[in-house]
Protein chains: 2
Amino acid sequence: MQLISKRVTMTPIQRLNPAHRPIPPALRLVVGLALLVVLGTLLLMLPISASGPPLTWNEALFTATSALSVTGLSIITPVTALSTFGQVVLLLLIQIGGVGFMVVAVVILRLLGRKVSLVDRLTLSDSLGLLVPGAIISITRRMLVTVVLIEGVGALALFLHWQRDPRLSVEQAAFFALFHAVSSFCNAGFDLFTGTPGFPEGIPRDNLSLIILGSLIFIGGLGIPVITDLLIYYRERRLSLHTRITLIVVTFLVISGMVGFFVAERRVDVGALRDEPLSRQLLITLFQSVSARTAGFAGIADFSDLTPPSQLLMITLMFIGCPPASMGGGITTGTFAILTISLWGFARGLPTPQFGGRSLATGTARRAAAVLTISLFVVLLATWLILITHKGVTMDAAVFEVVSAFATCGLTLNFTSQLNLFGQMVIILVMFWGRLGALTIIIALAQPGRPQLISYPEEQILIG
Amino acid sequence: MQLISKRVTMTPIQRLNPAHRPIPPALRLVVGLALLVVLGTLLLMLPISASGPPLTWNEALFTATSALSVTGLSIITPVTALSTFGQVVLLLLIQIGGVGFMVVAVVILRLLGRKVSLVDRLTLSDSLGLLVPGAIISITRRMLVTVVLIEGVGALALFLHWQRDPRLSVEQAAFFALFHAVSSFCNAGFDLFTGTPGFPEGIPRDNLSLIILGSLIFIGGLGIPVITDLLIYYRERRLSLHTRITLIVVTFLVISGMVGFFVAERRVDVGALRDEPLSRQLLITLFQSVSARTAGFAGIADFSDLTPPSQLLMITLMFIGCPPASMGGGITTGTFAILTISLWGFARGLPTPQFGGRSLATGTARRAAAVLTISLFVVLLATWLILITHKGVTMDAAVFEVVSAFATCGLTLNFTSQLNLFGQMVIILVMFWGRLGALTIIIALAQPGRPQLISYPEEQILIG
Ligand SMILES: [K+]
Ligand SMILES: [K+]
């Protein structure tokens, strides 16, 4: 290191002719979602989709992106602005954006070589990183059957509960049950109660509704790899490392969130839950904690009532988000786990990050650092762009809105409606990014590296 | 991966008797700074240090920590609360906390095995990671001479400029010149103008004052390894990778900050600089950008005037901070550079992070990820603790205050004076942490790892 090392220059290598390259799977995912957004926008702009005047292009684009990215931020009130046809379109967009995308993501993840141990097993451990077409169909069918069963049970439970509500007709109760079961399971956060005359405070917050909706949100938020891993646990008696870590992290996040909200919101002077009995405080904080990371249903009526410590907690939970290949966004619980494990291992002086008797694969920490870095960058840039173009907006509200879009969460401090056209476009892009996830976008947009035939000498730099 | 691998259990290894272990250097740094804080607190509590009633223990503790960590946040007004003796104590604490600590850090960094190429060269490339006592004295002397020269030239320039100011006597001009040269070079952010009758807006903001102060801040913010590397450039004609990266990152950050402030603050309707001529807008935004990352002098009179986008930009710049072994805090420009380079390399599919014909040393990315993770955690936890214990505080103000303490910056949205006792203690701890830096604290507090004789099987987990 003291000597001046000779510089090694890279040998330029003839690039492959781009015309002959197959479209990489990650790029297909990006293009596929973009095409769906265009299709959804066009459908929502049809006069038949609106109950009054047709949606403008930006309203339709915002709503379609929000539905397909299962975010739930909205510049319209769905139940009043959309006809029943429009509401069905919205429901389908949520289902496609949630379930369809999750299934495709699992299949494509496999193609990208990021191994899902469950999928491995389902596909008889294909070791070449390529799925047999038959296996794709088989996995997809299993996943869809699982999803339909869960949503069906949830919708039935909601219907049985809501059809007793005098404010809803039986048809309404049935459609609302279906819509909200899908919206909950897909963690979409869209609801049809806000704007319905009998429900001035949005979704029903009675205990049973919160329990059913919360369960659907929780299951959807676990992600397909974890759900299927759990479903076959009785046979295999073994959970993959991914499932174990996901369950630990999710439990930790839900409990932290619950405790945090509980401490902040039951304070007698300022808390939003100060007037509720203890059992309701517990249930609502649990629901809010489950819902906060991505679902976007509000457990308390007016989110602007939330105290500042809860706003900060919410932003943190949203930013961490859900497991990969789930309904949620954020940096993902996987990245969070890797960063924590890596930090712990570093502090203990371990040669590699380790957890539960396993070393993490080489490069995992580097990948997690990349995800965190680019995510911080995207959130900060989007927030700055909104702040510089909107007057009278506090940093709080803007950060909350952007992180909510980034995590495809959909909670808001009542700021979405104040966005100007430029702000709407920024939020649309962030939602789009949030649904795809940092890794997919990096891989899709990055120019494929040329094979490197030389290696550079190492040098240290200080990092403080 | 499909098979159930056998678990390998760790062989317990007899620990060394802790009584025989030498105190690790990082822990010495932590204990040393803590002892200095106690000493400084006691000195400032002496009746002779105060101009009126003696400082309370928490005022003295806060001021001593703020001075020794070169932060500059203050719950007292130094020029009115402290006697001349007290102001000299403050000056000495700043000098020890800034220069002394920086020198010790460079020496100890070397002992920790984090190689500083310059120091390497100065010590005739000791390859065992241990310094010869004679070399320590020699390095220390060189560094101190450099520092005294820079501060002396700065103080002289300030004196020549300020002694013409009718509001200051010659003795005042001399003491103020010395105090602010040290405070600027140490990036401490304490000033004696705030509270002086002739200067209702704090430090003089004429062009020459800003240029002299800004230059001292900039040089101090580069850090000893970079300064000495630059000083011997004419002989060696080669800069270390650390210096090259630091200069690139600092230039990038200063320009980004300047452009960002310029765009936000000259807007005709809301910007804090809307009434200034263009040349002043350019100078002030440049000064503010240089000062923002750690120095803590305000280029505009009232920081609450700052628009939200500039608040966000400031928080980002502070969080990134300064190079390691400099006067600043934050995650350090080194960590920022590693994360960026690592992200870029990952996106390009490179086997290792690379920059300028060098591979980054193995584990560097993992270390940078650890620093970023723990820093985010500390900032979020401290902010939450403050929000939960203070009424009527917005998230903006609390985040700004905590990041300012974390980066030992000292800028504030006028929130420091509103802190209750608990909040003061939180900020004291964050300033303490900020001056030491994440790596030092992790290494000091972590239990040394037992040598690991087995390696665990690898397993992938998804990170989204
Ligand atoms: K959502
Ligand atoms: K400072």
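The backbone N, Cα and C atoms fix where each Cβ goes, and this holds for glycine too.
It is B:327-347, from the ranges B:285-305, B:327-347, that TrEMBL records as transmembrane segment.
The transmembrane segment (B:173-190) makes no contact with the transmembrane segment (B:368-387), as judged by fewer than three Cβ pairs under 8 Å among residues 6 or more apart in sequence.
At the 8 Å Cβ threshold, with sequence separation of at least 6, the transmembrane segment (B:60-82) comes into contact with the transmembrane segment (B:425-446) through 3 or more pairs. Highest Cβ contact count with the transmembrane segment (B:245-264) among the listed stretches B:26-48, B:143-161, B:210-233, B:327-347, B:425-446 falls to B:327-347 (criterion: pairs under 8 Å). Sequence-distant neighbours of the transmembrane segment (B:327-347) (same chain, 6+ residues past either end, Cβ-Cβ under 8 Å): 69-71, 98, 102, 185-188, 220-221, 223, 242, 245-246, 248-250, 253, 293-295, 318-321, 353-355, 360, 364-365, 367-369, 371-372, 375, 406-409, 434-435, 437-438. For the transmembrane segment (B:210-233), the list of distant contacts is 98, 102-103, 106, 116-119, 122, 142-143, 146, 150-151, 154, 157-158, 161, 180-181, 184-187, 203, 239-240, 242-243, 246-247, 250, 283-284, 286-287, 290-291, 293-295, 297, 299, 322-328: same-chain residues at least six beyond its ends, Cβ to Cβ under 8 Å.
Sequence-distant neighbours of the transmembrane segment (B:425-446) (same chain, 6+ residues past either end, Cβ-Cβ under 8 Å): 24, 26-27, 29-30, 33-34, 37, 58, 61-62, 65-66, 68-71, 73, 97, 101, 105, 112, 114, 324, 329-332, 367, 370-371, 374-375, 378-379, 382, 385-386, 401-402, 405-408, 416, 419. Nonlocal intrachain contacts for the transmembrane segment (B:26-48), taken as residues 6+ away from its ends with a CB within less than 8 angstroms of a stretch CB, comprise 54-55, 57, 59-61, 63-65, 67-69, 82-83, 85-86, 89-90, 93, 96-97, 101, 104-105, 108, 112, 432, 435-436, 440-441, 443-445.
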